[in-house]
Every structure is written in structure tokens, then in C-alpha cells.
């Protein structure tokens, strides 16, 4: 006599399970939707930080689930697939940390551990502040602006400063190189003629090297430097 227990979930049981946990599922899906839709550094930085934490948790979760699949495979084919996927997840997770530490060594910014990108922009102001910001790729042109005495770049609030504080060169760092952008144009003043309230700067990609940014003490104006 076969004493093996059938663990297959029936339709009625599945429906009952969904009825019991549908509120949790709804809240979880709403949470993910809010993170994905509003989790941008240019919109809401609190939600963006939560999004980064969730993304950081996904790799260990994938590795853990993959390890469980290797221990309890459905069949031989499933075991092979589980091993391949788990190894891929482990290598990807290790690669992320290697690249992040290389980028951190180059730019000295916690933005280096941003799982969404592999680059960090950096503006070393002449008043001693270092303003770092998230950037998805290495562009050909950067256009920081000053509005009401506040510096913005790529839509992100960086620090309070004046037009004279902007340097000749700014940088975008990647794990293997430092991209240098040189100022080619500067526009100051608004309709009232106040040159400290509004300014636009145009920086064009000038050169590429393998140097590192000098460690500059920040004035604490930005939580993200």
C-alpha cells in the first residue's frame, strides 16, 4: 500500500487560501507598484531609498530560493536548472559588489552601491563641498543649474551654492574610468537681473582617464553625498 501523501493543492483550497491572504497580496502589490512608479531620485528620495533596499534584498532572496530548489528539486531536469540559476544569481551578486567597491574606491560616494546604475556624477565645488548624484549612464553633456541659490543636476537637489562655486571641471565616475566634463558655457541671471538666483552651466565631455576623485569633506548639505 502506498503511504505517499498527495500534497497537490486543490482548486477549492487555492481559492480559500487566496481569500484568506488577498488583503496581504493587495497591499504587497500596491507597495511594489508605488516603489516602481515613484521610486526615482528626482521625485521622492524616501521612496527611492526604500526601492533601493528592496532591490538589494532581491539577490539574496533569489539565491536562497535557488538553494532550496537545489535541495528539494522536482526532478533531475529541475535540479540542473536550479543549479544553473543559483550559480548565475551568486555570480551576479558577487559581480555587483566587486563593481560597486571599485566605483566607491574611485568616487568615495555611497551612490556607488546604487543597484540601478554603474556610474556616479560628482561636482567638487570651490567652497569645499563635494556633491555626488545618481546617474544612469555616461552622457556627452551635463547641464547643472542653480535656482534660488540651490544647485541641481539631473533633476536632483545637491547643495546650496552660488554661481561662482561651480568648478571648471566636473566628473562622472564608472568602476574602470573617470570621465571629465569641462565647462563651455555659462548663463547667469533671471528676468530680475539677479545673477545669484538663477544660472545654467553647460559641461561637455572633455577627456577620460583612470584617476580617482580626491576625498573632499562635505558641508553636510546633502544626505546623499
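Residue numbering: from 1, along the chain as shown.
Cβ coordinates are placed from backbone N, Cα and C, and glycine is handled just like the others.
In Swiss-Prot, residue 43 shares a side of the membrane with residue 116. In the predicted model, residues of the topological domain 'Virion surface' (1-20) average a pLDDT of 65.
In terms of DSSP helix, strand and coil, the topological domain 'Intravirion' (99-225) has 16 helix, 56 strand, 55 coil.
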